[in-house]
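Per Swiss-Prot, the features are as follows:
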type: SIGNAL; residues: 1-27; note: signal peptide
type: DOMAIN; residues: 28-510; note: domain 'Sema'
type: CARBOHYD; residues: ASN75; note: N-linked glycosylation site
type: DISULFID; residues: CYS93-CYS102; note: disulfide bond
type: DISULFID; residues: CYS128-CYS136; note: disulfide bond
type: DISULFID; residues: CYS284-CYS405; note: disulfide bond
type: DISULFID; residues: CYS300-CYS356; note: disulfide bond
type: DISULFID; residues: CYS374-CYS393; note: disulfide bond
type: DISULFID; residues: CYS513-CYS530; note: disulfide bond
type: DISULFID; residues: CYS519-CYS561; note: disulfide bond
type: DISULFID; residues: CYS522-CYS539; note: disulfide bond
type: DISULFID; residues: CYS533-CYS545; note: disulfide bond
type: DISULFID; residues: CYS596-CYS615; note: disulfide bond
type: CARBOHYD; residues: ASN658; note: N-linked glycosylation site
type: CARBOHYD; residues: ASN670; note: N-linked glycosylation site
type: CARBOHYD; residues: ASN699; note: N-linked glycosylation site
type: DOMAIN; residues: 959-1043; note: domain 'IPT/TIG 2'
type: CARBOHYD; residues: ASN1041; note: N-linked glycosylation site
type: DOMAIN; residues: 1148-1234; note: domain 'IPT/TIG 4'
type: CARBOHYD; residues: ASN1185; note: N-linked glycosylation site
type: CARBOHYD; residues: ASN1210; note: N-linked glycosylation site
type: TRANSMEM; residues: 1243-1263; note: transmembrane segment
type: COILED; residues: 1262-1315; note: coiled coil
Amino acid sequence: MPLPPLSSRTLLLLLLLLLRGVWIAISSPPAGLGPQPAFRTFVASDWGLTHLVVHEQTGEVYVGAVNRIYKLSGNLTLLRAHVTGPVEDNEKCYPPPSVQSCPHGLGSTDNVNKLLLLDYAANRLLACGSASQGICQFLRLDDLFKLGEPHHRKEHYLSSVREAGSMAGVLIAGPPGQGQAKLFVGTPIDGKSEYFPTLSSRRLMANEEDADMFGFVYQDEFVSSQLKIPSDTLSKFPAFDIYYVYSFRSEQFVYYLTLQLDTQLTSPDAAGEHFFTSKIVRLCVNDPKFYSYVEFPIGCEQAGVEYRLVQDAYLSRPGQALAKQLGLAEDEEVLFTVFAQGQKNRVKPPKESALCLFTLRAIKEKIKERIQSCYRGEGKLSLPWLLNKELGCINSPLQIDDDFCGQDFNQPLGGTVTIEGTPLFVDKEDGLTAVAAYDYQGRTVVFAGTRSGRIRKILVDLANPSGRPALAYESVVAQEGNPILRDLVLSPNRQYLYAMTEKQVTQVPVESCVQYTSCELCLGSRDPHCGWCVLHSICSRQDACERAEEPQRFASDLLQCVQLTVQPRNVSVTMSQVPLVLQAWNVPDLSAGVNCSFEDFTETESILEDGRIHCHSPSAREVAPITQGQGDQRVVKLYLKSKETGKKFASVDFVFYNCSVHQSCLACVNGSFPCHWCKYRHVCTNNAADCAFLEGRVNMSEDCPQILPSTHIYVPVGVVKPITLAARNLPQPQSGQRGYECLFHIPGSPARVTALRFNSSSLQCQNSSYSYEGNDVSDLPVNLSVVWNGNFVIDNPQNIQAHLYKCPALRQSCGLCLKADPRFECGWCVAERRCSLRHHCPADSPASWMHAHHGSSRCTDPKILKLSPETGPRQGGTRLTITGENLGLRFEDVRLGVHVGKVLCSPVESEYISAEQIVCEIGDASTLRAHDALVEVCVRDCSLHYRALSPKRFTFVTPTFYRVSPSRGPLSGGTWIGIEGSHLNAGSDVAVSIGGRPCSFSWRNSREIRCLTPPGHTPGSAPIVININRAQLSNPEVKYNYTEDPTILRIDPEWSINSGGTLLTVTGTNLATVREPRIRAKYGGIERENSCMVYNDTTMVCRAPSIDNPKRSPPELGERPDEIGFIMDNVRTLLVLNSSSFLYYPDPVLEPLSPTGLLELKPSSPLILKGRNLLPPAPGNSRLNYTVLIGSTPCILTVSETQLLCEAPNLTGQHKVTVRAGGFEFSPGMLQVYSDSLLTLPAIVGIGGGGGLLLLVIVAVLIAYKRKSRDADRTLKRLQLQMDNLESRVALECKEAFAELQTDIHELTSDLDGAGIPFLDYRTYAMRVLFPGIEDHPVLKEMEVQANVEKSLTLFGQLLTKKHFLLTFIRTLEAQRSFSMRDRGNVASLIMTALQGEMEYATGVLKQLLSDLIEKNLESKNHPKLLLRRTESVAEKMLTNWFTFLLYKFLKECAGEPLFMLYCAIKQQMEKGPIDAITGEARYSLSEDKLIRQQIDYKTLTLNCVNPEHENAPEVPVKGLNCDTVTQVKEKLLDAVYKGVPYSQRPKAGDMDLEWRQGRMARIILQDEDVTTKIDNDWKRLNTLAHYQVTDGSSVALVPKQTSAYNISNSSTFTKSLSRYESMLRTASSPDSLRSRTPMITPDLESGTKLWHLVKNHDHLDQREGDRGSKMVSEIYLTRLLATKGTLQKFVDDLFETIFSTAHRGSALPLAIKYMFDFLDEQADKHQIHDSDVRHTWKSNCLPLRFWVNVIKNPQFVFDIHKNSITDACLSVVAQTFMDSCSTSEHKLGKDSPSNKLLYAKDIPNYKSWVERYYADIAKMPAISDQDMSAYLAEQSRLHLSQFNSMSALHEIYSYIAKYKDEILVALEKDEQARRQRLRSKLEQVVDTMALSS
């Protein structure tokens, strides 16, 4: 059979297929496709769907949802529903409330299904949810009966994460007969690594209630079948998690595709941008210890774009063709994977996505190569999220094959190179979300779900000639606008695909062949399922086509489509039964017979002969109805119809043509068909014989009768004249036929004129006149027809027209008349001053009628009617437009005839309009003195009749400008500016330039020019230049400032609703440079804008634009708009903000108030409006602001997720209810409020009587109360008077004392600048805080050790720098009972000294310990406020030490000075009054316990002390008291003489004698005890100055101590008693330099006498409490506390203000404080502690109570000073006040409260406010970056590197290793991380070496 001739249509289809970009998406069916059939669906109206599985045998569908599990038939009919929630739960409850009561409030919690697996062997469904910490249910497959729900062990809790698509599992059936199955499950853990492993292998028992259900497959004390995310990883990257996207088993391996935070790209800073990476994870099925764990980065790349965010995957076998192309066996597996572009936005990834292909062979090969290289010892483990990622691979001789499953080393292992897939298909518009694939008859078909709810069908063909590896041949809608979720599953028979969105499951057929209605469309679709079933004329699968295996009955290639031709291809409608011959190609055996069918009109029999088909056309009678009303032809389909199937299976176009419809000769003979024109009959026919006269038959257009174009026909109205026409082939009318006529189709009055045929080529319309109505048209073109024999129209192919014209119409002036078309015979009649024909004008003289033909014609009396513009610059260049009459007929008439005053104005020829308009350019008028002038036009010459002057004068002006507004704008330009000045509308043309670039002109008036700024070159000022014609304007004082373009940093909140209108706070830079910024959003192809209000350069508030779209609306969980951005003048970069994650949520939906629309309500009853979407699930704290109006009155609102509770205003009557939120407004109906019903008369009487009685009782009570209160008032007034007197006395005393103290303090500190304060050096300061009471600590000394010991200690030091070892060491020590509080503090201090040079590392350890401590505190159900309150852990003491190290600089520069001033002030004030040397009590005190409670008489003496260093130097005056003991006087003298000298560098009072000099020779040594000492009844009183009768002004000296006779005799007893007391002090607390040695002088215990000084101490030893003898017990002396407090108030305030302030005289807040406070806030956030009191308390316990209180109570830790007991007592009161100020609890005070609390009761609220402000200010400060903190800590380490001997510190720490060696080694052995780092063996090495050396 010959090859068919390819029709043009077939060729076109082939060409399209070759050129087709195989990446197309068919969005709507093209012509020839049937409509998309409705798919079967299951709709879940209430709960969101999450997972779907299909039973491989029954085909039943199981769907997991929120709070539900559904069982559906294969056709999606609901069979069963099982309820799983909501449940009463709280995510914080671990274990769940069903197991153990929970302290957290429970609420109704949704249970989100996260895992749905079929257990075929046990005939059950495994469904795991999010509630109760992630427990699972087992459901019977038949009826979803709950078989079990294990929930009582920790193994039963998989994860409480609520995200549905983040968990994946593989169920591994047990060996046949054994029954035990395994579940491999991977899940994110949301930071709860202590509760949940991220990956685990669990037992699945046959009995659902078995206690071992979900137990780890293997577990011992060291390893188990699980993998946890290390807490260190989570502390560094709190957002780290692993999300499991897809899992599968292949051979003996289980694989997971995961998404996890990319720790290499993501900054640990929580505020930074998060990057994610996709990993493929592999485990051996039979590896219970997870030694085989390997993970590799996975992704693919296309055209330089990386796709790294895995969305879904599907394991499949390749089709035969694909397997061959990949070089695989057909039973090998491939993985189809969908990735989104980039590495950001895991939750809402970019729309651009790619479908990629991986072979499992390549994946296994990559993994094997990595394992082999590691076992060769190459590289590191490189698992970024495990601590041992830097651990090197260990060389091992093991043979690694494909089935290798790991050892206990070199694991877990991470891949370093990304496994790259083959990109098949890229979707840039819609975003792929799900994938499934299968092999159909050797072809690989992939189905991809999209974000818009479509299913793309893709054919994979790597050998495609176009070079594209995949063809998207069809796209069908599953559910418009809703993303397809991951579980895209094929039915068991592979006929259907189940696609799931959040609310619907759709059964999508894998093919829709039937939609294609032709072979070309069917096979052109490239759907591999579809072929053309020829004789059935249907597109179908091959198996659906009857006898498809027979030759040419089923076409599977476009070239196999049936081709059909017919001869002849057309017949006339008048012809009947014309024989037709049809030739067909690609047809099967037609022996069963065929018919010819002309569409559905008629059918004829056919005969098959010689491979051809013979049939006849229909009869003329049958054709008539087919062609009626169809014009000159009707194309019909001629079909071959099979007698076997009764179907039409091939077609060809066939034409019936109709000549008779043509009414003109040219139309007849120029057609496509063989028609003839009979010119004498004036008809068109297909039959030549129909023409009566042979010569009348026309076949060619040249022979047709027709009018030819000649000269134009101009006919003046009202003039009689003939019209001659040229023609061709004009027929001679035959006998009986009428002659020719001309038809003029004049509107309103058509004219028919007899015509005379001269010959076949000439015709004349006879004499006639013509007219038309009206004078508003000067000439009228009129259609002209020539007819003969009444209505036979001669063809007029050129549409020749006649022009009728009237001379006077619209030509009122001479100029207009003469400029008319010269072919009109119009001229100007001078006498009558009108336009007329020549013969209508009286002919007085030849010049009485002028015509344009006369070359010398010109009109008289030119006139100027208008000038534009009327002003211009003197520099000239203004184009002046002069409008008028008779302004010359030709340009030459006016070329030199226009002047403005004396200035020539040169006409522009191109803009000259004859007689009407002259445009001329004014010359330079700079020399012209006049300010204005008349415009003169002369036509040829300036004689009187040819000269015109303007009615207005033209003014010459000098334009200027003086202001531009706005004066600044963005560098990109686009700002509308107004330039203000004068005469700015002068001239004809204006051009503005800014910085040399044109400013786009808009409009101007005399005072302003508006233009749009161009882009600037650089930021800064740019000059403005205005060119008005030739005048150039500039003003150096007016400049336009270009600023940097505005930027947008943040939109808050980042969401709105469908209707927009919500307020958005936009922060950025340079925002105020744009006057009217607008915000824009594009959604679903529709763009809308809204306005913004700028507040300053960094803030503006915008109303969100609406995105209301009839075709699309955002889902409940929100959706990003296609674009969001800002219109900021011409700043293009802000039009689309790519970085914004702005979301739109649907509008609220409110229910009507009632079915009738009217709700009746009682007054004061709340109005409840129910609805949904009321609170969009947006992140952050922002909420939708509602306004509810009752009528026009707003009501008070309470908003919840499903209702608005409105406290209705006090209204009655009927009112409309309106709800507004942003741009959303809705009225749910009308509200009818009824007033309360009136009371009845008996009720009113009863109420009145009762009220009267009640009134009488109240009056009686009031009278009694009045009397009682009058007595109380008298008593109160009396007490008030007494208190006022007391207060005024105390105030006076305070005032005097403060003034005196200020003077003394000034004297003391006048020479104390910063350098004068005796600060201790860093080392001494640190030692006193770290090791209080130990003067000579080993860490200060060099240690002499053997070389091997030094080596061991060095190794031990390296171990301490391994975080895991150090943490294990500390935790193990703390777990020992014998490890005391003292030990804890000592270890903390030793560790900090050892790590002084590694402060960054020490900080990391401290943070981890604190994090653990917080966890422990919260787990043990302690109140969170107790955290850090005491020093019960190493961490707490380490924290104190950490602040000690890092705040030294701050103490020296800022806080030290007010602390030292307070210390000096207290010491000075105490020493102004008597101080008892024995009891330590004083007249002036802040402490009630140290207050002398009796009157002591004393005098102040001034002693003149000889300077002990320089005898000849002036004496130093020193104030003392006559009641002071000798030692007290010595102390005061030493303070005065050695003022400014550090205490440690001056003599001690005990080493000096006091010498009283009375004249040159008389010198008396004064002592506390000597022979003159008075003894009374066993009481011995110390000697005082009064005892020695020392007078005021006496001269004294301090001399080195001498031994007198008395001293020798008495020193033994006194020294014994003193030394005993001092040794008691030493053991109790502190070193010699720290002890409060004076004034405490110890009684002589052994001699039996009791010492006293000012008051006898009855509490001494054996005396009872309270028997105080002579002491007055009255509390009256407590007012002295108040006086002392008032005196010292300023110094306390100064200290507190310095400590609680963030700005200190140029010094910044120490980084350590900000860093630690931020850390505590992070911990609170992590544990969801939102109680501000708890956060406040943590900070107070951390810094003020742990560091500052210690420093305030012990200033000797910071300064080289001596602190006596009374100063110590006063500082303790200040420290207690400091502690109370930091507390959040209210102190309820009463008369029994301690005096020190009452003393500062009024001040504490003020101090508290300082503390709160301090904490708030710190919180507002920008976070410290890790880099800044690292640099700071490194600098601190460098500064103090060699302060302590680290070897000694290590030796001290090692003593604890030695003590608890076994426990530490066991702990290291148990810990998996420690085992991996081989820490135990390293420690054993240290222990062994140290043991040998000892």
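Note that Cβ sites are derived from N, Cα and C of the backbone, with glycine treated the same way.
Where Swiss-Prot records a feature, it is marked here on the structure.
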residue : record                      : DSSP (3 states)
CYS102  : disulfide bond              : coil
CYS128  : disulfide bond              : strand
CYS136  : disulfide bond              : strand
CYS405  : disulfide bond              : coil
CYS519  : disulfide bond              : helix
CYS530  : disulfide bond              : coil
CYS615  : disulfide bond              : strand
ASN658  : N-linked glycosylation site : coil
ASN699  : N-linked glycosylation site : coil
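Look at the disulfide-bonded residues CYS128, CYS519, CYS539, CYS561 and count other Cβ atoms within 10 Å of each Cβ; CYS561 has the fewest. Shown are the disulfide-bonded residues CYS284, CYS393, CYS522; the one with the most C-beta atoms within 10 angstroms of its own C-beta is CYS522. Here CYS513 (disulfide bond) comes close to CYS522, ASP527, HIS529, CYS530, GLY531, CYS539, SER540, ARG541: these same-chain residues lie at least six apart in sequence, with C-beta atoms under 8 angstroms from its C-beta. With helix defined as DSSP H, G or I and strand as E or B, the domain 'IPT/TIG 2' (959-1043) counts 0 helix, 56 strand, 29 coil. Among the recorded positions ASN75, CYS93, CYS300, ASN670, the residue whose Cα lies closest in space to that of CYS615 (disulfide bond) is ASN670.
Looking at ASN75, ASN670, ASN699, ASN1210, the glycosylation sites in this record, the fewest other C-beta atoms within 10 angstroms of the C-beta turn up around ASN1210. Look at the glycosylation sites ASN658, ASN1041, ASN1185 and count other Cβ atoms within 10 Å of each Cβ; ASN1185 has the fewest. Scoring each of the disulfide-bonded residues (CYS530, CYS615) by how many neighbouring Cβ atoms lie within 10 Å, the top position goes to CYS530. Nearest Cα neighbour of ASN1185 (N-linked glycosylation site) among the listed disulfide-bonded residues (CYS136, CYS356, CYS374, CYS596): CYS136. Taken residue by residue with DSSP, CYS513 (disulfide bond) is part of a helix. Secondary structure counts, DSSP: the domain 'IPT/TIG 4' (1148-1234) has 0 helix, 46 strand, 41 coil. In sequence order, LEU115, LEU126, ALA127, CYS128, GLY129, GLU149, PRO150, HIS156, LEU158, PHE214 constitute the residues six or more apart from CYS136 (disulfide bond) in its chain with CB-CB distances below 8 Å. Closest to CYS561 (disulfide bond) in space, going by CA atoms and restricting to the recorded positions CYS300, CYS356, CYS405, CYS533, ASN658, is CYS533. CYS405 (disulfide bond) and CYS93 (disulfide bond) have their C-alpha atoms 38 Å apart, to the nearest angstrom. Proximity to ASN699 (N-linked glycosylation site), judged by a C-alpha distance within 10 Å, picks out ASN670 from the recorded positions ASN75, CYS93, CYS102, CYS374, ASN670, ASN1210. Within 10 Å of CYS519 (disulfide bond), as judged by C-alpha distances, the recorded positions found are CYS533; the full candidate list was CYS393, CYS533, CYS545, CYS596, ASN1210.
Nearest by CA distance to CYS533 (disulfide bond), out of the recorded positions ASN75, CYS102, CYS393, ASN1210, is ASN75. Around the Cβ of CYS596 (disulfide bond), a 10 Å sphere holds 23 further Cβ atoms from the protein chains shown. Within the same chain, the residues at least 6 positions away from CYS300 (disulfide bond) whose Cβ sits under 8 Å from its Cβ are TYR307, THR337, PHE339, ALA354, CYS356, GLU420, GLY421, THR422, PRO423, listed in sequence order. Sequence-distant neighbours of CYS545 (disulfide bond) (same chain, 6+ apart, CB under 8 A from its CB) are GLY531, CYS533, HIS536, ILE538, ARG553, PHE554.
Just so you know, the Cβ of CYS93 (disulfide bond) picks up 22 other Cβ atoms within 10 Å once every protein chain is counted. Between the C-alpha atoms of ASN75 (N-linked glycosylation site) and CYS284 (disulfide bond), the distance comes to 38 Å. Annotation for CYS102 (disulfide bond): spatial neighbours ASN90, LYS92, CYS93, PRO96, criterion Cβ-Cβ under 8 Å with sequence separation of six or more. Among the recorded positions listed here, namely CYS284, CYS596, ASN658, ASN670, ASN1210, ASN1210 has its C-alpha nearest to that of ASN1041 (N-linked glycosylation site). Among the glycosylation sites ASN658, ASN670, ASN1210, the residue whose Cα lies closest in space to that of CYS284 (disulfide bond) is ASN1210.
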